[in-house]
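Since the structure comes first, as structure tokens, the remarks are kept for the end.
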Amino acid sequence: MVNKVYSNRISEYTHENGGRVLLLFLLFLLAIYEFLHSGFSIFAIICISPILIVAVYVLSRWKMAAFWALIVINYFLQMKDSPIPSGIPMSLWDEMIEIILIIIAVVDIRQYSHFGKCINLMLFSIIIWFCFCFIELFNNTCGLGIDINSWFTSARLMALHLIWILLVFSIYVSSPQILIQYLRLWAILSLFSVYWTWKQKNIGFTPTENAWLYFGPGARTHVLNGGSLIRYFSTFSDAANYGCNAAATAVALFIIGITNKIKWEKVFFLIISIGVIWGMFQSGTRTAIFCLAAGFLVYVVLAKSFKIAIPFGIAFALFMAFLMFTDIGNGNQQIRRMRSAFDKNDASANVRDVNKAAIKKYLQDAPWGIGIGSSRDNIPANNKYQILSTIPPDSEYVYIWVHTGVIGITVFLVCMLIMWLGACWIVMFKLKSPSLIGIGGGLCSAFIAIQLGAYANQVLYQYPNGLTFFGGLAIVYILPYLESDWIKFEQQRITRQEAKKRLKRIKKLAKRV
């Protein structure tokens, strides 16, 4: 009886909405056809297209919610037990939201008059790098011909994604309020990673983390000294990624903290930065020490102040002397491992040197590299460059060197240097507000720290680093546009802070009476 009632209702609906039902049925058949002939990706896109349309509409109504969602999702994409649904390629989460945000800004261009801020030295540098990557499409060193699909998969992450990051941050970080909220969110996410490190160390790993650490790729690189030393990776893909990110983040948050004029925020950023440094040591990533030191040294130069340079210089010298010339703390395995970064006879460093020598030998005949998108999966076994796809690159710079050759790594380094020097020039000569100089200086210092990490580890394009540090540099370029509003905003906050202090003093005096 019940089935008959539902059947009648379906019949009535079909009769009244025949065209819609037919259209949905045809779309369903199309989805099945695409699944059988083209695989899951197109099928998935067709199936979720109505959801995407609804998502675009919702995001257009709450634009900043989409921006904040992008920051949070990006941060947890490589967490072993990520709450983000799997099944969609990792990079698409970021790119979908970024492209939607850019489309919304274009559609709503009368409201978003911020596109002029996007035209700067950083955009110029990224476009040069992207143009070089496009030329690499015609690189036939390995005799593979033009493979647009493989090329686009790699070039999208290496260059095109940087354009999306620049546009999104330049458009949506449009006020002092949004800027400070972004910095707080970054600090809170970093604090969660510190908590997760503590949780891994003192409570234990989740089943997924445990499987990766002891039975997966982590067993060879993260379980050392017979299992007595664990390199903790927190919410990141691995310990190297975590350690380099932590070093760069700690530099930025510490500098932002010491230059902040709001007391509670100063304490907030400084405490979190110290916690992040603790997490950095738990990762056992030796390169992170140099990232941390380089970041602080950059700020000493950017600050143009002996009051800052002298204390920082003394603190840096003492820290390096502690690691290089003493045995203090050697009972702690993490500190002992960090000290091995200064050992010229370290076996790990020697293996990397051997790999680089082998790569250099093969690349002498390939100044353009083996090609973007070329890998062990598509290079023939009898090709002399096939071995290059099997040697672990160990670092982002070596990876770019292998795939784009000496020409490519030179172009990449020049582009990175231009965009970074442009940001440093803004901090040193265009900004007047001390706290804004602190924010700009912190972000510039963090960028050079993560670049140094990329010299020794493959971390620059790993999540969440690309969005975090290239986005941070994009913020530096828009700081001159925000400065006048920032000064007013900061003065209002200082006034409220002073009013609260006066109120507290009055209450104390009243209690004494």
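Glycine is treated like the rest: Cβ placed from N, Cα and C.
What TrEMBL says about a protein is an automatic prediction, not a curated fact.
Note that the structure is a prediction, hence the values are computed from the model and not measured.
If you look up TrEMBL, you'll see 274-413 marked as domain 'O-antigen ligase-related'.
The feature transmembrane segment is assigned by TrEMBL to 21-36 (among others).
As annotated by TrEMBL, transmembrane segment applies to 42-59 (among others).
According to TrEMBL, the transmembrane segment annotation covers 121-138 (among others).
If you look at the transmembrane segment (158-175), the same-chain residues 6 or more away from its ends with a CB under 8 A from one of its CBs are 63-64, 67, 70, 91, 94-95, 98-99, 101-102, 105, 112, 114-115, 117-118, 122-123, 126-127, 129-130, 133, 182, 372, 400, 461, 466-467, 470-471, 474-475, 477-478, 482, 485. The transmembrane segment feature in TrEMBL is assigned to 158-175 (among others).
According to TrEMBL, the transmembrane segment annotation covers 182-198 (among others).
Per TrEMBL, the feature transmembrane segment maps to 239-257 (among others). Sequence-distant neighbours of the transmembrane segment (239-257) (same chain, 6+ residues past either end, Cβ-Cβ under 8 Å): 78, 183, 186-187, 190, 193, 197, 221-222, 231-233, 265-270, 272-274, 276-277, 279-280, 283-285, 287-289, 291-292, 295-296, 299, 438-439, 441-443, 445-447, 449-450, 453-454, 457-459, 462, 464-465, 468-469, 472.
Positions annotated as transmembrane segment by TrEMBL: 264-281 (among others).
The transmembrane segment feature in TrEMBL is assigned to 310-329 (among others).
The transmembrane segment annotation in TrEMBL covers 398-429 (among others). Here the transmembrane segment (398-429) has long-range neighbours at 120-122, 124-126, 128-129, 132-133, 136, 154, 158, 298, 302, 304, 355-356, 359, 363, 366-374, 388-389, 391, 437, 440-441, 443-444, 447-448, 451, 458, 473, 476-477, 479-480, meaning same-chain residues at least 6 beyond its ends whose C-beta is under 8 angstroms from one of its own.
Annotated transmembrane segment per TrEMBL: 436-456 (among others), in sequence order.
Sequence-distant contacts of the transmembrane segment (462-482), counting only residues of its own chain at least 6 positions beyond either end whose CB sits under 8 Å from a CB of the stretch, comprise 70-71, 74-78, 90, 94, 117, 120-122, 161-162, 165-166, 168-170, 173-176, 179, 182, 186, 236-237, 241, 244-245, 248-249, 252, 419-420, 422-423, 426-427, 430-431, 436, 439-440, 443-444, 446-447, 450. The transmembrane segment feature in TrEMBL is assigned to 462-482 (among others).
Residues 179, 183, 240, 243-245, 247-249, 251-256, 258-260, 287-288, 290-292, 294-296, 298-299, 302-303, 352, 394-397, 416, 420, 423-424, 426-427, 465, 469-470, 472-473, 475-476, 479, 482-483, 486 of the same chain lie 6+ residues outside the transmembrane segment (436-456) yet bring a C-beta within less than 8 angstroms of a C-beta in it. For the domain 'O-antigen ligase-related' (274-413), residue counts in helix, strand and coil come to 96 helix, 0 strand, 44 coil, using DSSP.
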